[in-house]
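Record features (TrEMBL):
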{"type": "TRANSMEM", "residues": "30-47", "note": "transmembrane segment"}
{"type": "DOMAIN", "residues": "39-287", "note": "domain 'G-protein coupled receptors family 1 profile'"}
{"type": "TRANSMEM", "residues": "59-80", "note": "transmembrane segment"}
{"type": "TRANSMEM", "residues": "100-119", "note": "transmembrane segment"}
{"type": "TRANSMEM", "residues": "139-157", "note": "transmembrane segment"}
{"type": "TRANSMEM", "residues": "198-225", "note": "transmembrane segment"}
{"type": "TRANSMEM", "residues": "237-258", "note": "transmembrane segment"}
{"type": "TRANSMEM", "residues": "270-289", "note": "transmembrane segment"}
Amino acid sequence: MSNGSLVTTFFLTGLPHAPALDTMLFGLFLVIYILTVLGNLLILLVIRVDSHLHTPMYYFLTNLSFIDMWFSTVTVPKMLMTLATPGVGAISFHSCVAQLYSFHFLGSTECFLYTVMSYDRYLAISYPLRYSSMMSGRVCALLAAGTWLSGSLHSAVQTTLTFRLPYCGPSQVQHYFCDAPPILKLACADTSANEMVIFVNIGVVASGCFLLIVLSYVSIVCSILRIRTSEGRHRAFQTCASHCIVVLCFFGPGLFIYLRPGSKDALDGIVAVFYTVLTPLLNPVVYTLRNKEVKKALSRLKNGSVFIHNQ
């Protein structure tokens, strides 16, 4: 990181909106944040205590819920503070570095995890008899560890590229959290090389993951169409539909923001709400309301008939 930076504090402008909406937006985002944390904690609890859910799919879902809880926590509380005290939005230089690193660490880890989850569904539907041996506990642990390690490395590159530049003012970030595109706009040095590296870096990762997910689902659809019973086909489609909904809500806005070099529009802040605020809430809703096994587990938890499976 550059020693030439004179800026010690950045000021987040927050979401572009009319001042009259401050209280309404604060209330809305506070409710969404509380529901997100509680929803993901509930999924973690149910999967932990119900032995019926000790399968690879739910192991990855545990990772996803854990990421979503913190992914939301990295950005939403600061956004709420900015809404509660309009015109302030101050964040120290080092806090900004930490927020950008955490955001990209959790975001890219989630990106890799969706890819692993689609591969898991592909094996489950295409190779049902060999699935348990192909997706053993050790394989699951290695795949999960790989997503976290890749995410941390990807974020380290992103953060280093952004903050190795000097920042000598202005210090007003046109966003509600510290992200690379609006931060680079404030650098007092040429950022074109940075923007292109970030474009390629995120572009290759996000587009590569998305392409692998699409290929997995093309293979899954082909396998489903070979299932002879309509009930079997319906169940297989239902299993994958929830994953597809969340993937589209996560990748769509992300690709829109990062696959445009020099993207710094105010519109980006609004689009970012989809994957920083709504997707972490959507995961527990989609995976519980659309999933019979989780609903049964919640019912067992409510009735006190759940037991922990000692592995």
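Residue numbering: from 1, along the chain as shown.
Note that Cβ sites are derived from N, Cα and C of the backbone, with glycine treated the same way.
Automatic, uncurated: that is what TrEMBL annotation is.
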| said: Assess whether the transmembrane segment (30-47) lies in contact with the transmembrane segment (270-289), where contact requires at least three Cβ pairs under 8 Å among residues 6 or more apart in sequence. | reply: yes
| field | Residue numbers, six or more beyond the limits of the transmembrane segment (59-80), whose CB comes under 8 Å of its CB atoms | value | 12, 14-15, 26, 29-30, 32-33, 36-37, 40-41, 43-44, 47-48, 91, 99, 102-103, 106-107, 109-110, 113-114, 116-117, 120, 140, 143-144, 147, 176-177, 276-277, 279-281, 283-284, 287
| message | Looking only at the domain 'G-protein coupled receptors family 1 profile' (39-287), what is the model's average confidence as pLDDT? | response | 86
| Near the transmembrane segment (139-157), which residues from the same chain, at least 6 beyond its ends, have a CB less than 8 A from one of its CBs? | 56, 59-60, 63, 101-113, 116, 119, 201, 205
| request: Could you pull out which residues elsewhere in the chain have a CB under 8 Å from any CB of the transmembrane segment (100-119), counting only those six or more residues past its ends? | output: 57, 60-61, 63-64, 67-68, 70-71, 74-75, 143-144, 146-148, 150-152, 154-156, 158-159, 162-163, 177-180, 183, 205-206, 209, 212-213, 216-217, 243, 246-247, 250-251, 254, 275-276
